[in-house]
Amino acid sequence: MPDLSLERACGGRVAGVDEVGRGPLAGPVVAAAVVIDAGRADPALLARLDDSKKLSAALRQRLATALLADPGVEVGLGEASVAEIDRINILQATFLAMGRALAKLAPPVDLALVDGNRLPPLPCPGQAVVRGDGLSLSIAAASIVAKVHRDAAMATLAQALPGYGWERNAGYGTAEHLAALDRLGATPHHRASFAPVREALARSALPGHKCVTALTFS
């Protein structure tokens, strides 16, 4: 289970950073940066935190709500849009979202613990932590908040663009999503730089195929 050992060892004001949404075919990539003040945060809440992938959707939602309301927890959220993903690639867009999340924290942190094995350019010193969401409470908290935020955003998009199942698959390339992409065509919220979307766009240019890429959605 994650704890605050890494944060305490580093000293100072430390944020855990994690992202969600690198793999989906649609929607933004989202990052969260979280600072936990162990002296003020609810210990019962901290005891329930874990890697977001190990938690049910309902529990993630409850924990994210509690984290955002806890006076001992600070949260910064950052996104990179589909247009940015297609322009600079998903890795660089992920790094951009992480930097934006950290920039939301004030005052700035002394160190960022970033989940993964690569350290992006950041507005502060950083340390990459492999499987950090299972080691660091602040990274685990960031993974939960980022996941819940992005899932909610995709559910909202699903209301405007029904048929792709985004409220269930969050834009990932499930069988349902791929079938809808073939049947309905790509939308402005699809990542044109990803192969399945690129192939769908090529098919949509053929006579008799539907294309919705000319539509705009707010």
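Note that Cβ sites are derived from N, Cα and C of the backbone, with glycine treated the same way.
As written in Swiss-Prot, here are the features:
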type: DOMAIN; residues: 12-206; note: domain 'RNase H type-2'
type: BINDING; residues: Asp18, Glu19, Asp115; note: divalent metal cation binding site
Handout entry: Remaining residues near the recorded divalent metal cation site, that is with C-beta within 8 Å of the centroid of the site residues Asp18, Glu19, Asp115
Key = Val17, Val20, Ala31, Ala32, Met98, Val114, Gly116, Gly132, Asp133, Ile139, Ala142, Ser143, Ala146
Completion exercise
Within 10 angstroms of the C-beta of Asp115 (divalent metal cation binding site), the count of other C-beta atoms across all shown chains comes to 24
Fill in the blank from the handout: For the binding-site residues Asp18, Glu19, the largest set of other C-beta atoms within 10 Å encircles the C-beta of Asp18
Problem - Mean of pLDDT values spanning the domain 'RNase H type-2' (12-206) - result: 97
